[in-house]
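> Annotation source TrEMBL lists GTP binding site at Gly62, Ser63, Gln64, Ser65, Thr66, Gly67, Lys68, Ser69. What TrEMBL records for 52-272 is domain 'GB1/RHD3-type G'. Look at TrEMBL and you will find 1-632, 632-645 tagged as topological domain 'Cytoplasmic'.
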Amino acid sequence: MATAVTNGHPVNGDTAYPNEVNFERVQIIDNEKQFTPHLTHQVERWGLQNAGFDYDIVAVFGSQSTGKSTLLNRLFGTDFDVMDETKRQQTTKGIWMCRGKGMNVMVMDVEGTDGRERGEDQDFERKSALFSMASSEVLIVNLWEHQVGLYQGANMGLLKTVFEVNLGLFGKKTPDGRNSRTLLLFVIRDHIGTTPLANLEATLTADIQKIWESLSKPTELKDRQLSDYFDLSFAALPHKVLAADKFELEIQELRRRFVDKSRDDYVFKPSYHKRIPADGVAFYMDGIWEQVQTNKDLDLPTQQELLAQFRCDEISAAALAEFNEQAKPQRRPVEAGKRLLIARYDKDASRYHQGVYKRKRADLVAVLDSTLSPLFLGQLKNLHKSSLVTFKEKMHEGMKGEGYNFADVVNRLREQCEKSFLEGAKEALVEETDWTYEDEFALLKEEMKSIADQFRKDETKKMVNIIERNFKRQISEPVDLCLNKPTAEMWDNILKTFRETLDKAEASYLAKAKSFNCTEQENTTALAILRKRAWLALRSKIDEQTSDASFLAKLRTHFEERFRYDDKGVPRVWTPEDDIDGAFKKAKDEALTLIPLYSKISPTDPSLEYTLPSETSDSLAQDLDDFDFPSTLIILSETKNVGHY
Ligand code: GDP
Ligand code: MG
């Protein structure tokens, strides 16, 4: 074979290259649909990193086992895997790339199983086809002659999909205002020759045109023509085995179209170039693959997936409908209901495509949770409400009669209510959710505390009232007695009695208050109230005994006792020589000495003087306000004192 040199590039693979240049191939997309991180490095190894725009990219498209790899190897001197005749099966998947020998060409070969025969690989088949179309300048569409005109057989359905998504993804003008153009080079294999190439060309052109017209295009691109994006070109190759020589000749002829820029039918026209410098190709292709991979339009479901989607939706909907029906009358189906429903879905749907089954399961769980969440919150609210009602009722019950310990009652009931709330809330909780009852529980505890506080305040008030009543009863008689004995120690006696009785009252308050868990502040206030009321009770007792009528009666009795009885208490028998006037005056004067005695509460023993603070800082103790203690010591006003008697 003669060594041809075109545009400075050696054409024949055997021609010398710098030592470091090699022609090893690299798998740019692997079985896991991952883009290789090594392409940049590989471009260097191919000696292309400094090629700038002086390189081209070609890819191949076509059914499985139509001799694609064979064709590429013959055209470009690459060594892509060719199917082993003896095994007739291919298991690897992926896209391979190799540098063409003797030319600055990066050649891509797609390996994979046939999507139409093995449904689950359609996703890769379509993605790899789109990737090839979007990234290469020339896409070789490889097909048998007998496939021409057969829509399915010639992969036309796949081409339609790829056209469509390609238009959506990459159909806009490039930043420099050009359309990104691609050459579709149809290579017709095993061309027998009875049908001239021109006829085959016409058929294929018409088919492609029809496909283009049937595309659903984005609105802004709806008027775009096939020719705005693609040029079509054609070649035919004879049977590789039956017409081996002719095959060889045609291959060489076709090869020249890839290398001889002077030819009219030279394929790598500048308008197809993506204008990416060679050292940026890896990054650029990675980006395209990323777009292809993440594009939702391209998540082309397999038959199994389509079926699974349909059935899983149906199963899920049926289960949900049943659940909603049951959920209405029953207010408590939350956890059990959900578990039942999921189990039902699992049973029916798990035999379908696992990816779809799991996705739809997650959807179902999400729908369930959002349906059940308000139910759960409703249950918590009800629990909360009923817990508070129960707590209140039991508080009333627990404080019936005497002899209960308030703090004990509160603690016991609080524990009971918390426990029953928690039990209820845990029952309502649904597994695998982030639902929580903590907030509601905290609220409940707070409200129970404020109810208990209110109860305690009410009870404390009641208690103070009872103690006040007892106090009044207890001082009534002794004070009466004292007031009717107008001695100099009268106030001492009264205040002594008052003190003793009040001490007892305070002690009985403090004893009770302990069981109420009253605060120091509450005790101070309650005692202040108690002392004031006790004092006022004493005052009203004194007022009763020193009202005008009863005080006059006291004076009269006193006068009469002095006037009518002698010093020994014996009734006087008046004789004419008796100084009746003198005795009258003496008795009257003596009686009048009572006025200052009764007019003011003033004991002889200063230690018995009683004082009350006239003000208190506690705003709760409102009945302590406007109380001027010193004025309460005055019994008879100045005018009464002097004028009346
Ligand atoms: P690919 O799967 O499309 O890459 O096809 P291969 O290149 O691996 O070839 C598949 C089979 O077809 C191999 O057994 C090849 O020897 C055979 N083959 C390759 N080229 C031709 C051809 O032009 N005509 C015929 N009839 N068979 C071919
Ligand atoms: Mg192959």
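Each residue, glycine too, has its Cβ placed from N, Cα and C.
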> Among the binding-site residues Gly62, Gln64, Gly67, Lys68, Ser69, name every one whose Cβ is found under 6 angstroms from ligand 2, counting any of its atoms.
Lys68, Ser69
> What is the set of residues, excluding Gly62, Ser63, Gln64, Ser65, Thr66, Gly67, Lys68, Ser69, whose C-beta falls within 8 angstroms of the centroid of the C-beta atoms at the GTP site?
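Neighbours found: Asn142.
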> Would you mind checking how many other C-beta atoms are within 10 angstroms of the C-beta on Thr66 (GTP binding site)?
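Result for Thr66 (GTP binding site): 19 other Cβ atoms within 10 Å.
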> Please list, in sequence order, the residues in the chain of Ser69 (GTP binding site) that are at least six apart in sequence and whose C-beta is under 8 Å away from its C-beta.
Phe80, Asp81, Val82, Met83, Asp109, Glu111
> Tell me the Cβ neighbour count for Gly67 (GTP binding site), meaning other Cβ atoms within 10 Å of its Cβ, over all protein chains shown.
19
> Can you check how the pLDDT averages out over the domain 'GB1/RHD3-type G' (52-272)?
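Taking every residue of the domain 'GB1/RHD3-type G' (52-272) together, the mean pLDDT is 87.
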> Going by DSSP, give the three-state secondary structure for Gly62 (GTP binding site).
strand
> Taking every protein chain in this structure into account, which of the binding-site residues Ser63, Ser65 has the most other Cβ atoms within 10 Å of its Cβ?
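The most densely surrounded of these binding-site residues is Ser63.
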> Give me the count of other Cβ atoms within 10 A of the Cβ belonging to Gly62 (GTP binding site).
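For Gly62 (GTP binding site), the 10 Å Cβ neighbour count is 24.
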> Report the member of Gln64, Lys68 (the binding-site residues) whose C-beta atom has the most other C-beta atoms within 10 angstroms.
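Of Gln64, Lys68, the one with the most crowded Cβ is Lys68.
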